[in-house]
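Q: The annotation active site, proton donor/acceptor is assigned in Swiss-Prot to ASP135. Among the features that Swiss-Prot reports, active site, nucleophile is placed at TYR386, with the record citing sequence analysis. Residues or ranges marked as substrate binding site by Swiss-Prot: ARG102, ARG136, GLU261, GLU262, ARG277, ARG352. Summarising the annotation, Swiss-Prot assigns Ca(2+) binding site to ASP278, GLY282, ASP308, ASN328 and lists sequence analysis as the type of evidence. The disulfide bond annotation in Swiss-Prot covers CYS76-CYS401, CYS108-CYS113, CYS168-CYS215, CYS217-CYS222, CYS263-CYS276, CYS265-CYS274, CYS302-CYS319, CYS405-CYS430 and rests on sequence analysis. As annotated by Swiss-Prot, N-linked glycosylation site applies to ASN44, ASN72, ASN130, ASN219, with the evidence given as sequence analysis. The region 'Head of neuraminidase' feature in Swiss-Prot is assigned to 75-453; the stated evidence is sequence analysis. As annotated by Swiss-Prot, topological domain 'Intravirion' applies to 1-6. Residues or ranges marked as transmembrane segment in Swiss-Prot: 7-27.
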Amino acid sequence: MNPNQKIITIGSICMVVGIISLILQIGNIISIWISHSIQTGNQNHTGICNQGIITYNVVAGQDSTSVILTGNSSLCPIRGWAIHSKDNGIRIGSKGDVFVIREPFISCSHLECRTFFLTQGALLNDKHSNGTVKDRSPYRALMSCPVGEAPSPYNSRFESVAWSASACHDGMGWLTIGISGPDNGAVAVLKYNGIITETIKSWRKKILRTQESECTCVNGSCFTIMTDGPSNGLASYKIFKIEKGKVTKSIELNAPNSHYEECSCYPDTGKVMCVCRDNWHGSNRPWVSFDQNLDYQIGYICSGVFGDNPRPKDGPGSCGPVSADGANGVKGFSYRYGNGVWIGRTKSDSSRHGFEMIWDPNGWTETDSRFSVRQDVVAMTDRSGYSGSFVQHPELTGLDCMRPCFWVELIRGRPEEETIWTSGSIISFCGVNSDTVDWSWPDGAELPFTIDK
């Protein structure tokens, strides 16, 4: 083969290899394009199977499963309380990025439970945590994270600018209520699935405030209670009925000898029961029960096992306010079972220390101080704080009843400890009809932090 023939042969081979390579590249590009078109095309697909038509509605980035939480079930029968969650937020925050918070609470949809909390716009062990003992500031916000996780910038979702708040799920979306603004003109901003739907202006111009725990949803409507007026005297109390973020009805309670703040509410057989804080003149807790038309009844827990703090030693109770040590108070809760009542309270009668659950089988209607069950969850030597109720609907648990649960805030820092900040962690428990245990689940953080020295 002469040199010219060699050149022609080599050139021909190179040309064939090049053409094959080009065809393969074109095929690869076509394959990628087809695959991409399938993934990003119309997300409403209709398929035919055995002559039946099935339509799939795919919602990108969002779970499209929805139900209506009816709230028609009665509370589950229980014998005690099982530990549900503990976030250890202060302990983790000594080294990690954890928000300075207070007023945490828990609320559950039919799919998950979330911890909601009011941040101070600051992290633990950072200079901006200085002075966070203050309740109301423009830096506070309602945020949420998965239950049991320490609240950090990496796992938390912004909900609303707020220094007082509530939130609940109706089975189709989250309702959040965030109150912010000056003491003499605060505004509650209502959001449904993150979109502003309504606002409520302070009507007494004296620190509009709400529950600091979950609102309550029944048959697609959600209910909350707000207070406006003095914390040490008669104020104004309103119940709001809300549907998909819009107020459809409201009433003002006629309660001239009662004081309702920071109510802990739950659904029970289609009605709503709220147990609240009397900061005016009661060491027992006031309650209000209402139906979906906002027809209501009011009263006080009669038991001589008193639920507020400060409070007198247990003794003769009253179905009206017990005035001994009745001034001031702390957010709390109870669960009614017929004539009986589970009472959650601090173990100390003069400070926010310890926590216990007490079953008084006649305490809703009788004034004696006899009880049959006491379960300790935080020791007297450890700090506690606010507490509140939340429920797990049958749509979440698969039970045929409403599971009662509660949370306890574990406050740390100022004014009791030598720190520049005030924050808290949270523990929670749910009612079970099986074995439980007495123990203490304290916050457990070793103070002071580096920033405090």
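Here the Cβ of each residue, glycine as well, is placed from N, Cα and C on the backbone.
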Q: If one looks at the chain holding ARG277 (substrate binding site), which residues at least 6 apart in sequence have a CB under 8 angstroms from its CB?
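A: Those within reach of ARG277 (substrate binding site), by Cβ under 8 Å and sequence separation of 6 or more, are HIS259, TYR260, GLU261, GLU262, CYS263, ARG285, ASP308, GLY329, VAL330, LYS331, GLY332.
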Q: In the same chain, which residues outside the set ASP278, GLY282, ASP308, ASN328 have their CB within 8 A of the centroid of the CB atoms that define the Ca(2+) site?
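A: Everything else in range on the chain: HIS259, ARG277, ASN279, TRP280, HIS281, SER283, ASN284, ARG285, ARG311, PRO321, GLY326, ALA327, GLY329.
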Q: Round to the nearest Å and give the CA-to-CA distance linking ARG136 (substrate binding site) with CYS401 (disulfide bond).
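A: Just about 38 Å between their Cα atoms.
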Q: Of ARG102, ARG352, TYR386, which is closest to CYS274 (disulfide bond) if I measure between C-alpha atoms? They're all recorded positions.
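A: Ranked by Cα distance from CYS274 (disulfide bond), first place goes to TYR386.
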Q: Just give me the nearest neighbour of CYS217 (disulfide bond) among the recorded positions CYS265, CYS319, ARG352, CYS430, Cα to Cα.
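A: Answer for the nearest of the recorded positions: CYS265.
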Q: So if I measure Cβ to Cβ from CYS405 (disulfide bond) and keep only same-chain residues at least 6 apart in sequence, which ones fall under 8 Å?
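A: Spatial neighbours, sequence-distant, of CYS405 (disulfide bond): HIS84, ILE106, SER389, PHE390, VAL391, GLN392, SER428, PHE429, CYS430, GLY431.
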Q: For a quick check of packing: other C-beta atoms within 10 Å of the C-beta of ASP135 (active site, proton donor/acceptor), how many?
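A: By my count, 15.
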Q: C-alpha of CYS113 (disulfide bond) to C-alpha of ARG102 (substrate binding site): distance in Å?
A: 19
Q: Could you check the disulfide-bonded residues CYS215, CYS217, CYS222, CYS263, CYS319 and say which one's CB has the most other CB atoms within 10 Å?
A: CYS263
Q: Looking only at the region 'Head of neuraminidase' (75-453), report the model's average pLDDT.
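A: Across the region 'Head of neuraminidase' (75-453), the average pLDDT comes out at 98.
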